[in-house]
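Chemist: Annotated transmembrane segment per Swiss-Prot: 29-49, 51-71, 101-121, 123-143, 150-170, 177-197, 223-243, 244-264, 281-301, in sequence order, evidence recorded as sequence analysis.
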Amino acid sequence: MAKPLTITSSHSHFSLAWRAYFEMTKPKVVALMLLTVLVGMCLAVPTAVPVQPLIAGMFGIALMAGSAAALNHLIDRRIDGMMARTYNRPLPKGRVSAKRALIFAASIGGLGFVVLYVLVNPLTAWLTFASLIGYALVYTAYLKRATSQNIVIGGLAGAMPPLLGWTAVTNQFHGHALLLVIIIFTWTPPHFWALAIHRRAEYAKVDIPMLPVTHGVEFTKTCILLYTVLLAIACLLPVLVGMCGPMYFVCSSLLSSVFIYKAWQLKYRDRDGLAMQVFRFSIYHLMLLFMALLIDHYLWS
C-alpha cells in the first residue's frame, strides 16, 4: 500500500513545483505579449509568415520573456511578500527558493537566446536580450524604486515585442515596426497607473514611488486621461502612413473613444472599483487593437 501512496505523493509534489515555476513566467502577460509578436511577424510580410521564424521566433521570445518575468519575481520577492496582490507568489510563499528561481530564469533565458540566435537571427536574439535586461534589471531592479516615471521610462522594454516579431521575419529594422512599438509604449503608463491608483496604499507601504504615491491620485488621473488621448493619436499612425486600412481605423477609433471615456470617468466621475475597470479595459484595448491590426492586414493587402 505504501508504494502507490509514494508515487501519488511524488506526482503531486512535481505538479505543484511545475505550477510554481510556470507561475513565475507570468503566462497571461507573456500570452498578450506573444500576440503583439505575432502581429509584428505577420505585418512584416505580405503573405504567410515562414514556418521556421514563426515557430522558433515565438518559442525563443516566449522563453526569454518568461525568464524576464521570473527575474522580476526574484528581485521583487521582498516587496511581493508585503503586498496583498502578490504575497501568494511562489517566492514569498517559499514554494521556490531564490537560488532555484535564478537557475530557472537563467536556464530558460539562455535556451531562448540560443534558439533565436541559431534558428532565427542574431539581431532578434540580441534585441530580445536587451529587452530582458531592460525589464528585469533596468526597470525592476532600479527604475521601479528610483523614480515616479519608472513606468514611462521602463515601458520601452515592454514595448519591444512587435519589433522582435518583425526582425524575426525580416532580419532588419523598419519604420512600421517602430510605430507598433510607439503604440505599446504610449499604452503602458495609463495601463499601470490605473492599477497603481487601486493599489496606492500597498505601493506606499513598500516604498515604491508610483505616481499616485508621489504626486497624488488626482494628478495621476489627469495623466491617465492625457495619455489616453496621446494613445489615440499613436493608434492612428499606422493609418496615416498607409500601413492599415479602414477596418483598423474604425476599430482603433472605437477602442480609443471608450478608453478616453473611461479615463474621463476616472477623472471626473470616479467611484469605487473604477480604477481597476480602467486597468482591465486597457488589457482588452491592446488585445483587440492588435487583433484588428492582424485582420486588417490580410483584408487590406
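We count from 1, first residue shown onward.
Placed from the backbone N, Cα and C atoms, the Cβ positions cover glycine too.
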Chemist: Top stretch among 29-49, 51-71, 150-170, 244-264, 281-301 for CB pairs under 8 A with the transmembrane segment (101-121)?
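Modeler: Between the candidates 29-49, 51-71, 150-170, 244-264, 281-301, the best contact partner of the transmembrane segment (101-121) is 51-71.
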Chemist: Taking a Cβ cut-off under 8 Å, which residues six or more beyond the ends of the transmembrane segment (281-301) line up next to it in the same chain?
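Modeler: Residues 32, 35-36, 38-39, 42-43, 46, 180, 183-184, 187, 190-191, 194, 235, 238, 244-245, 247-248, 251-252, 255, 258-259, 262 contact the transmembrane segment (281-301) from elsewhere in the chain.
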Chemist: Report yes or no: does the transmembrane segment (123-143) come within contact of the transmembrane segment (51-71), defined as 3 or more CB pairs under 8 Å with a sequence separation of 6 or more?
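Modeler: Result for the transmembrane segment (123-143) with the transmembrane segment (51-71) is yes.
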Chemist: So if I exclude everything within five residues of the ends of the transmembrane segment (29-49), which remaining residues of that chain have a CB under 8 angstroms from its CBs? That is, six or more out.
Modeler: 57-58, 61-62, 65-66, 69, 158, 161-166, 168-170, 174, 176-177, 180, 184, 243, 283, 286-287, 290-291, 293-294, 297-298, 301
